[in-house]
Structures are given as C-alpha cells and as structure tokens.
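TrEMBL lists 1-10 with the feature compositional bias 'Basic and acidic residues'. Annotation comment: TrEMBL describes 11-21 as compositional bias 'Low complexity'. Residues or ranges marked as region 'Disordered' by TrEMBL: 1-62. TrEMBL lists 113-131, 143-164, 185-207, 227-247, 268-288, 300-320, 361-380, 417-436, 503-521, 527-551, 596-616, 628-647 with the feature transmembrane segment.
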Amino acid sequence: MSSSRPDGRGADSPSPSPSRSYTPLASPPPRLDTSTRPRPRPKLVSFGRDSLMGGRPDTDGHPHVEFIHDTSPTIIPTRMSSEVDPLLKEVMSPDDDDDWMGEHQVEETKSSWFLFLLTFGGLGLQIGWSVETSNGSPYLLSLGLSKSMLALVWIAGPLSGVLVQPYVGLKSDNCRLRWGKRRPFIIGGAAATIVSLLVLAWAREIIGGFLGIFGADPEAQGVKTCIMLFAVLFVYVLDFAINVIQAGVRAYIVDVAPTHQQESANAWLMRSAGIGNILGYLAGYIKLPDYLPWLGDTQFKVLCAIASFIMALTVGISCATCSERDPQFDTAPAQQQDGVVAFFKGLARSVKKLPPQIKRVCAVQFFAWIGWFPFLFYITTYVGEIYADPIFEKDPHLPDDKIDRVLEDGTRIGTRALLIFAITTFIASVVLPFVIPPTFQAPQPNRPVTPATPMTPATPHSMGGSGYFALNHTPRGAPKSFMDSVSKSMEMLQIKSLTLRRSWLISHILFAVLMVLTFFVRSTWGATVLVGAIGIPWCVTNWAPFAIISSEISKRDAIRRGVIKPRDREAQLIAEGEDDGSGADSAGVVLGIHNVAIAAPQVIATLVSAIMFKILQKPRGTAGDTSVAWVLRFGGVCALVAAWLTLQVNEEKEEEELDEPFRRRRMS
C-alpha cells in the first residue's frame, strides 16, 4: 500500500496530466471525530463537463480539492481507491475521453482458484438442500403425513423465500460491519441450518423422550401427532435458515467478483452446487447406517449429520479466504422504518424501480418455477411409484410394514435417478460455459469492460484471465502453458450465435418436452434416463438468470463507483447519481426480489399440486397412482409460458454512443 500524498494519490502514482493542475487547500478544515468514523481522505471535486459531483472552481480557475468524508450520506462515491477496496487495482491507461483521468482503477481479473473458493460455500448449501428435497418427503411420510398434507408442508420453501431473502438482502445491504456485508449472514444462516437439520432428524427421539418423562406411550396417537407437528415446524425453520445462506452467498458473489467475471463466478457456483448434489444423492443411494452406524440408525439421520459437517467446513473456508470490500467506507444507509408493513411497502417501491432487464428476468422466473417446484419435490416419489406399481399390482393386499419397505426401496431408486440428474447437471456446468460465448470481455490496459456481441464474442480465456482452470492472469495471444493451450482449444467449442439468453429459452422448451415424455415412461430405467436428461435445462436455469442479474447489478455498481466508464445515456445517469434507482439496484435488494419471483409462484404450484393430489391420489399401496405424473406435466405447460417470456429479455448490446441532446447537456 503506497503512502498518501496531499492530492490523494499514492507516493508511487504517476503525476497528473500536464493539461490539469491541482491546487490542494493550504490547510484542511478541522478533523472530524474519528472515534466512530474512518479517517477522511482528500477527493478531487471537478467542475464543468468533468463534474460528477457538482464541484466549484478555485479562484485561479483550477479544480478545487476538499476533504469530503467517505461515509457522508449526501455523497455518492465515484472512484474507490485500492486502499479502500482490495478488489480493485490501479492502472495507467491512455484514454481519448477527457472525462477519465490517466490513472484510474479497474476490477482485477480473479483466478479460477479464487472463484472456486468464493463459491465453495454453495457445495455445502446444496448438500443440505439435496438431503431435504430427496429424503424429506419420504421421512415425513414415514411419520404419518398424507401426500395432500405433505404438499402444504412444502409451502415452507416458497414462504421462506418470499419473507426471508428480501429481508436478509435489505439488512445485508445496510450492514456496515468491518468484516463485510454478507459474511455475517452466511455464517449465522449456516449455524441455524446445522441445528435445524440435526433436530429434524432426531425429532422422534426428542419429542418421544420429552413426553416419555410425563409417562406418555411413544406409540400413542397423540405422541405421533406431536412428533409430526414438531417435524413440520423444523422443516419451516430449516427452510428459513437455508434461505439466509442462499441470500448471503448470491450477494457475496455479486459484491466480490468483477463485472466481467459474473457469468464465470455463477458458473463456478453452479459447479460447486453440482458437486454437492452428486455427493448428496450418492450418499442417499447408499445404505449409510450399515457403514456409519455411530452417526445414526436411519438413513435420514446419517445424511443430516454428514450434511451438517460439510456445510460448516465449506462455508468456513469460503468466508475465511475471500474478503469483501470494507462497507464502513460506503455511503451511510438510508433511514429505514421499522415494522413488517413498512418493510413490505419499501419492497413494493423497490420492485417498481427495478431496472427493466431485471424485471423481465423476474417475469420469466415466475412461470419457470411453477414448473420446477413439482419436479424438485416429487420426482423421487414419481420414480419410486413406477418401481412399486408392479409389486402392488401383483399383491394388492400387502401389510403396512411390507408397503413401507417397498416404498423405501423405491425412494432409493428415485435417489439413484437424482444422482444421474446431478451428474448430468455437473457435466453441463463444465461444458456449457465453453460452448456459450460470455457476454463481457475482460478489461485490457487500453480499454474498459465492454459487452461482446454473439458474432464477436469474448471467450472463456478472456473472461478468466488464462482460462477457467488457470491460476494467474497472462495476456492473450500465444499459449504460454499447458492450461493455456487447453483453454485455447476449448474456444473451438463455442457456438458463435448462441447467447446466454437463447440458451435459457431452449432450456424451457427442452424441459417442457421432457415432461410430455412422462406419458410414455413405464420402467424405472426409462424414468432414470428422463430425470438425467432434465439435468441440462436445470443447469441453465441455475446459471443464466443469476448470471444476467448479477452482471447487471455489478455493472451498475461499478459505473457508480467509477470503475467502469459510462458508455450510454443510462450509464451516464447512473454515474452522475441521477438515475431513479434509489437503492433498488443493490445486490441484496435485487436478489431478494428475484427470489420472491422464484418463491411466490411455488405457492401456486403447491396449491395446484394439493388439489391434483386430492382428486387423483389413490390409497397407499394401490397400483396405478399417476397423480405425481400429472403434476409434473402441469409444470411442463408453465415452462412453455416461461419460454415465450424469455424472448422479451434483452441481449447485452455493444456500447452505444451518447445521443446528441444528452451530449450537449453534459458539455454545458
């Protein structure tokens, strides 16, 4: 870190351009109280067409330098120093635009190892999620819940998404702890998730033992009802806790990864989640109590214990190795009214002021997730019933204990299908980022970050420095290492006309087609192949919308901080603080609203599923129950609506010239 000079530059920084002179104050104003605020730093306040903050000229006609405190709520920070922001680096760049000085900061291209560590917490999060989705339904059914009641229990997921993620996003945006905005929430959510998993797995023993103190019979119906209610309660607690981590991890990536690597960072999160899915479903397919009896006497107990350990490990490593920008140097958060009503009013105002691109993505997600929710929670049951049908048809009068064993075996077969699904998703997450050209090119010494059109794409090589799997940045050109050669050769896989938005469109159509195929599947292996193929659209669903939104948020934030040069009218308004965002494009708020667009439609899917189960469901142990299949087909219809709405999402365009009236206004 270089020492500070009176003009705010480091000791080793180049001198200002000869065309400009800088006249610092002879003596700065009285020092502010530093007991609770960081030390003030001198900032250049320019004027005329260079002005971003409305400065005034000195008496000799030169710009005036004043001491302006970084955390003043009336100041919008423009260019963040690398002393304050460790995610930036200073460069010298000759530029023909006088609005940008010769020395400025750019977002440093991160290595693939850094992006892996940044998204490593997603692995533990996904293992916990896969344990709940693949084994939660069979576990609750084993406690005595009916299918129709089960559908209402899983409303906990969307309900927590609607309530928790926007709230956590808002609170983390306003967090000013030195440790960062997001990491405190990630750690707290992980701790709550671990406790919830363990309590849920041992619900029978906890409630049975507690009521046994008062002489209650563990087999009494009242005790069983209390166990079911307790388990349902902790399903809600678990979903709320998982949403806290998810909100933190997504915003963590937006804050730390540079704009041109948002797609790459989200691809790495997808890979981490893919590994978590594989491990979670693989563990669910193995009879774990036979190998790890000291962790529990049932499959669900052992899975919850393993998931808790891995979550603590992965979240701890990610938070310890990837630092955030110190939020104490950010502008002070706006005053917020307390109360639930005030929170939802503020959320509604933020929804109205969302950037148009993000609004379009949220509209697509609304219908897409009506289709995905039934698949995620009932696909294990669908495969298990295909397995059980021939057995129930052969012997329709099986006793309850044998029905339980048949359904448990069917659940294991369903988990095997989800394992194939997870492997397909992971393979797609590795291959697709090389096939689909990235949207933004990496910054180079003589030009800023710019969008890349489908016909002139940036490459995975340029996005990740030396490629996705290289650790250090090297200039483009002739490969200098083996990994450079591998990355260069992977560029041959690119389909030049295939963009992230078009891939997302295709994924909706593919999912709908695969749901139609449930009419023709009659064997467990056929169902397994079908589920495995769905891993491809699921991969794009977990990548494309988040990458589009993350890139938009990061780009707007970088323009606002002066890291990316504004190139069009909207960008200029953002840079000058004249846009009508009012905090509606902050990472936590936007991702929270986006999650509402994902979670709220799941309430619709849950209610529709409950109605369809009530009409179509047959008694337990009866052959020919197709209720789950019809729920999946309903999801396929909603995917077609999502595909149509995806056509409204804009492609990122090449930089546009300012229109002439706006250029004249800037020059005045």
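The backbone N, Cα and C atoms fix where each Cβ goes, glycine too.
Cβ atoms under 8 Å from those of the transmembrane segment (628-647) belong to residues 360, 363-368, 370-375, 378-379, 381-382, 385, 501, 504-505, 508-509, 511-516, 518-519, 605, 608-609, 612-613, 616 of the same chain, restricted to positions at least 6 beyond its ends. Remote same-chain partners of the transmembrane segment (113-131), defined as residues 6 or more beyond its termini with a Cβ less than 8 Å from a stretch Cβ, comprise 186, 190, 193, 197, 242, 245-246, 249, 252-253, 256-257, 261, 264-265, 268-269, 271-277, 279-281, 284, 300, 303-304, 306-308, 310-315, 317-319, 321-322, 418, 422, 464, 471.
Segment contact is absent for the transmembrane segment (300-320) and the transmembrane segment (361-380), given fewer than three CB pairs below 8 angstroms at sequence separation of 6 or more.
For the transmembrane segment (268-288), the most Cβ-contacting stretch among 143-164, 361-380, 527-551, 596-616 is 527-551 (pairs under 8 Å). As a quick check, the transmembrane segment (227-247) and the transmembrane segment (143-164) clear the bar of 3 or more Cβ pairs under 8 A, pairs 6 or more apart, so the two touch.
Note on the transmembrane segment (503-521): residues 364, 368, 371-372, 382, 386, 432, 436, 527, 530, 533-534, 536-541, 544-545, 629, 632-633, 635-637, 639-640, 642-643, 646-647, 649 of its chain, located 6 or more positions outside it, place their CB under 8 angstroms from a CB of the stretch. The stretch in 143-164, 185-207, 361-380 that contributes the largest number of Cβ pairs under 8 Å to the transmembrane segment (417-436) is 361-380. For the transmembrane segment (361-380), the partner stretch with the highest count of Cβ pairs under 8 angstroms, out of 143-164, 185-207, 527-551, 596-616, is 596-616. The transmembrane segment (596-616) and the transmembrane segment (185-207) are not in contact, since fewer than 3 Cβ pairs between them lie under 8 Å (pairs 6 or more apart in sequence).
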